[in-house]
Amino acid sequence: MASTLITNIGELVTNDPEAADDGRGLLGIVEQAALVIDGSTVAWVGRAADAPDADQLVDAGGRAVLPGFVDSHSHLVFAGDRAAEFAARMAGTPYAAGGIRTTVAATRAATDEQLTSHVARLVEEMRRQGTTTVEIKSGYGLTVHDEARSLAVARQFTEETTFLGAHVVPDGDPGEYVDLVTGPMLDAAREHARWIDVFCERGAFDADQARAILDAGAAAGLRGRLHANQLTYGEGVRLAAELGLVAVDHCTYLADEDVAALRDSGTIATLLPGVEFSTRQPYPDARRLLDAGVRVALASDCNPGSCFTSSIPLCIALAVREMGMTPAEAVHAATYRGAQALDRDGQHGIGALVPGRRADLAVLDAPSHVHLAYRPGVPLVRQTWVAGRPL
């Protein structure tokens, strides 16, 4: 298989886990750099002057190169949109339509082909903005058949599929619905999913219901995730820490004991600033979490209701401007920490440009990663590579 040398890289963000020990800082930056790709993996990284020969040569033109973004939280399998709801929210006027239930109805009415085409467009949109790995949830079907087919659609685009039958409590008996989620729905979904998720929030699923659903998922071989503490203080974050979940998402309203639980458990707090941007709600306090020693990831939460953006560069800019993160912390959170939030940061994983990792990368039309926050709204991703191939 042909090897490729990408040289004349002005700034190479490696996310080398050993970088902090040798003085290269959080991002493991190498200046005037090069990297060699062999097949789908990174084979060599270092100074351009020391680069070995390869079969093909690519000149980066002094641009910055960084690991592809890892979007560990999205809801891409849906039909229709809720633009009227967004416009009403921005105008501060009441909106009487059905919210998430509008999306559920449209998704159930769509064909598999329509859903697949829609997800393909969104994934391509993400790729153009540097995202190389995306997690995709179900959650707009809420029947045995529609949850299973939503996951089957998602599986065409990613291995990181998440069963979110516990997205909203339908009309009727909540206990009966939990039984449905943990029984027939889980049985139908498990073959298409790697993860199971619950929206643990006041007005949705409480901590006891979330625990029951996550326990059932674990018994079926699915790893647990959790939406928690988005709308108010609650038990969800502490439940995630108690269960040792790899990540818990939103984390907007946190008591001191929530922060301590995240720190002590090692559970990653995945922050979703696009939601707060799109809903005019308070942003999570990333600075507080980082200073407490909590691991923080960033993701898009791309969905038709609370956050219809697929742009990780926008999320990075918001995290820096509104949540107290440095540009380096935000880039690290959207790459390496995102990989950790999907438990994909191992020797042959993603989220870093070091030998043995998958060659997923973004080439910026800028000399430094700082420009992602410095120039918000500018399409800075010049080219995206996935598994060693340029798109």
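Each position is counted from 1, following the chain as shown.
Positions of Cβ are set from backbone N, Cα and C atoms, glycine also.
From the candidate list Asp146, Asp301, Asp343, Asp345, the residue Swiss-Prot records in the Zn(2+) site shared with His73, His75, His227 is Asp301. When Swiss-Prot records Tyr140, His167, Gln230, Ser306 as binding 4-imidazolone-5-propanoate, the matching candidate from Arg63, Arg82, Arg375, Arg382 it lists for that site is Arg82.
Taken over all pairs of the listed 4-imidazolone-5-propanoate-binding residues (Arg82, Tyr140, His167, Gln230, Ser306), the Cα spread reaches a maximum of 20 Å, rounded to the nearest whole number. Neighbouring residues of the recorded Zn(2+) site, listed in sequence order and excluding His73, His75, His227, Asp301, comprise Ser74, Lys137, Asp249, His250, Leu272, Ala299, Cys302, Asn303, Cys307 (Cβ within 8 Å of the Cβ centroid). Taken residue by residue with DSSP, His227 (Fe(3+) binding site) is part of a strand. Within its own chain, His75 (Fe(3+) binding site) has Ile136, Lys137, Gly139, Tyr140, Leu164, Asp301, Cys302, Asn303, Pro304 as residues 6 or more apart in sequence whose C-beta sits under 8 angstroms from its own. Packing around His167 (4-imidazolone-5-propanoate binding site) is summarised by its Cβ count: 25 other Cβ atoms lie within 10 angstroms of its Cβ, all protein chains included.
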